[in-house]
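Trainee: Okay, handing you the structure first.
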Amino acid sequence: MSSGEQPVAAPEPPAVATPSQAAAEQTAPCPEGEASHLQQPTPLSKNAQKRLRKQQQWEDGREDRRLKRREKRQTHKQRVRSERAALVAGGADPRVVYGRDKHAATLVPLSIVLDCDFEAYMTDKERISLSSQVTRAYSDNRGAKYCAHLWVAGFGGKLAARFNDVLQAQQNSWKGASVFEGDFVACAAAARAQMAAHTTVAETEEAAPPAPRTRGGPAHEQLLIGPLRRSQENPAPWPRDAHDPFPLPDPEPPLDPALQDVVYLSSDAPYTLARLEPNTTYVVGGLVDKNREKGLCYRRARERGIRTARLPIGEYMVMQSRQVLATNHVVDIMLKWLEFEDWGKAFLSAAGEAGEEHHADEAAEDEDETGEQAEEGQGEKADEAPKDEAATA
């Protein structure tokens, strides 16, 4: 050390508080405005802790479930290939065995909008169920003999997040279906414009209809099939039912003339749907709520001056609770009516599938459908969330 430098004192070690001092500091009052973030969090109840543990276990096993589903699909495909090869080797017609003579989907001038703008009214479990119903509705429409222009309105929030993440953005590869972030009224306007952009070709001979036209073909044609043509030539009456399923104290507002080609399906409507009409958009409420929000879809449509109607469920089916069907079941029934022009046959055709899904194992509620399963419409039952009842009809 040089003579001009001053000695530097060593730093003092930090003072260590005694247990009594630490306790006193912890119990000392906090300055105003700081107490909120220093307070101890409220302990979770035993049920909440149990739910968190189950959720964590579910997340931990997600990859294993995905691998098991993939292995199961591959095993199934290999078995089907072997069975088909054996049939062809035995002399069976390959076109029949491999389904190459299956009819192509025929697009008709009718739109179906799934109104999914009910996120605030559903739990996470119900939103998962809704996403499964939407994918099934798409699959049913894609494979139907006569398919409609399908739209998903209110596509945002957690529903869109689930599609983009868990379902691998499968909606981006959908054919003949579109997602729409706006509400169902704006979506109905988009559906109207889409139908108008297609050339409508009349079905002239019932016994020998024109060749099927696939969606998005170069001609952008849609076929006015017999049932829709007859609805156009002889419009069905629209009388108010003698019994009002969901009477409201306020008088029914007048209909909006600009939306006369839109019908919102609701089991609470005082009108029964007799026939489907061409160049019309039918809105199906995508609400999975176990019947908590009664009349929500009906009131929403009334406020916008839109026609409401309910499917003639009571004439053909016996329901255990309110006459409410899952979203995809409503879509399937309408597609079957286009094929049979008979509500009884349409309900019976969809009843078997509805019964199976109603008794599905609820332990599989949160199973995720992969994009491949939903795209092919071949999701394994054990890997799909069972469909809860949706306030759609």
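Note that Cβ sites are derived from N, Cα and C of the backbone, with glycine treated the same way.
Since the structure is predicted, the reported quantities are computational estimates derived from the model, not experimental observations.
If you look up TrEMBL, you'll see 37-47 marked as compositional bias 'Polar residues'. Per TrEMBL, compositional bias 'Basic residues' is recorded for 67-79. If you look up TrEMBL, you'll see 98-361 marked as domain 'SAM-dependent MTase TRM10-type'. Among the features that TrEMBL reports, region 'Disordered' is placed at 1-86, 230-253, 351-393.
Provide an account of the burial state, proximal residues and distances for the features listed.
Mentor: Residue counts of the region 'Disordered' (230-253) by helix, strand and coil are 4 helix, 0 strand, 20 coil (DSSP-based).
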Trainee: So what's the average pLDDT for the domain 'SAM-dependent MTase TRM10-type' (98-361)?
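Mentor: Per the prediction, mean pLDDT sits at 87 for the domain 'SAM-dependent MTase TRM10-type' (98-361).
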